[in-house]
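As written in Swiss-Prot, here are the features:
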BINDING   12, 15, 34, 37  Zn(2+) binding site
BINDING   116, 117, 118, 119, 120, 121, 122, 123  ATP binding site
DOMAIN    1-53  domain 'ClpX-type ZB'
């Protein structure tokens with residue numbers, strides 16, 4: 001090789017490789033950088049962005065740790081908590097290792113929660129986002145329609161997530177989206193519809209792209225106020241989607257698949273009180289085929305590989321929800337009354353009465369606040385005016401049932417006969 005040819009060979013200023021050893025050499029003022037070094041720099045930057053965008057890579061809690069933290073806010077639903085702990089751990093572990101070059105590509109596993117109203121579906125998803133410190137958004141499937149129809153476009157869900165993290169696209173990519181009432185967009189029959197289904201199958205098709213991973217174009221902050229601004233491009237491939245629904249009568253579909261008791265004279269006669277317990281057992285046997293028969297399209301069911309069920313909360317669980325979690329209702333009202341310098345005491349029979357009423361109303365844990373709020377409305381209205389000298393307010397079952405007023409105990413006053421009976 002002549003000296004002139006040697007002088008013409010260019011080298012990367014970072015790794016020292018020649019132009020013949022790399023695919024491309026980019027020239028700058030008196031320096032050169034090869035494509036391999038550019039890729040390496042991109043990987044370093046991407047790792048830092050993932051670490052900053054929600055801390056998914058920093059100190060990711062293990063499944064048992066996630067389960068323990070869920071226990072602080074959610075009562076019961078042990079199986080669902082175990083499933084979610086593993087699923088979320090694997091999802092963020094996958095995100096934290098995406099920059100490493102590997103022949104195995106791990107797919108995203110979105111989650112479907114099946115359970116009655118007030119069983120804790122939304123709270124579980126919300127608490128997971130809080131534990132992992134990632135952006136979280138809730139969408140109601142019943143408000144969604146196909147693009148071009150009156151209603152909420154499915155891509156508005158991503159906009160809600162962006163709003164939660166101040167339009168930080170990289171942070172939004174590591175977020176969690178919970179879509180509630182997903183069972184309400186099931187088509188009416190398990191055969192493809194010939195007519196236009198604006199809020200059913202069509203919405204499932206639109207959500208399908210979003211859930212499996214697409215680049216959504218979202219208006220920037222301010223929206224139509226700044227039409228000259230470019231749309232934000234959000235890749236949904238790494239956003240974890242959790243869908244939830246009550247799926248009323250799903251147990252009937254499962255029963256038809258599993259029931260071997262026969263029909264007519266051969267059928268087993270069950271007492272009415274066993275129906276609810278039987279339905280709960282059947283729901284635990286849910287398979288993808290049952291959801292397709294219910295009205296979800298096969299492609300949509302396929303994008304929700306992790307299916308877990310939640311049980312209906314009984315009286316004991318509802319009483320624990322009132323007192324045990326970090327943000328328990330009783331603790332919240334105690335704090336509110338503390339602001340006025342007054343103590344509030346909920347007797348056990350009062351908690352029992354609240355739980356019974358929630359079961360009667362079929363609202364589960366979701367209805368507890370409205371029952372307590374309604375019970376204490378008059379008391380909280382008058383409290384600022386009567387708080388002076390008041391030491392304690394006692395709430396018993398009579399107050400919940402509106403049969404008797406709350407018991408007031410003032411400073412330097414002996415407990416009333418009713419309170420002394422404790």
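Cβ atoms here come from the backbone N, Cα and C positions, even for glycine.
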- Message: I need the least crowded one of these binding-site residues (12, 15, 34, 37, 123), counting other C-beta atoms within 10 angstroms of each C-beta.
- Response: 15
- Across the whole of the domain 'ClpX-type ZB' (1-53), what does the mean pLDDT come to? Round it, please. 78
- Query: Other than its own, how many Cβ atoms are within 10 Å of the Cβ belonging to residue 118 (ATP binding site)?
  - Reply: 24
- Message: With DSSP assignments reduced to helix, strand and coil, which class does residue 123 (ATP binding site) get?
- Response: helix
- Around residue 117 (ATP binding site), which residues of its chain at least 6 apart sit with Cβ under 8 Å of its Cβ? 246, 362, 363, 364, 366
- Taking the binding-site residues one at a time (119, 122), which has its Cβ surrounded by the most other Cβ atoms within 10 Å? 119
- Message: Return the residues near residue 121 (ATP binding site) by Cβ distance under 8 Å, restricted to its own chain and a separation of at least 6 in sequence.
- Response: 113, 115, 178, 180, 244, 310
- Filtered by Cβ under 8 Å and at least 6 apart in sequence, the residues in the chain of residue 116 (ATP binding site) near it are 246, 310, 312, 362, 364
- What are the non-local neighbours of residue 120 (ATP binding site), defined as same-chain residues 6+ apart in sequence with CB under 8 A from its CB? 74, 75, 76, 77, 80, 310, 313, 365
- Which chain neighbours of the ATP site, leaving out 116, 117, 118, 119, 120, 121, 122, 123, have a Cβ atom within 8 Å of the mean position of the site's Cβ atoms? 115, 244, 310, 364, 365, 366
- Taking only the Cα atoms, work out how far residue 118 (ATP binding site) lies from residue 34 (Zn(2+) binding site), in Å, as a whole number. 58
- Query: Between residue 119 (ATP binding site) and residue 37 (Zn(2+) binding site), what C-alpha distance do you get in Å?
  - Reply: 52
- Item | Whole-number Å value for how far residue 37 (Zn(2+) binding site) lies from residue 122 (ATP binding site) (Cα to Cα) | 45
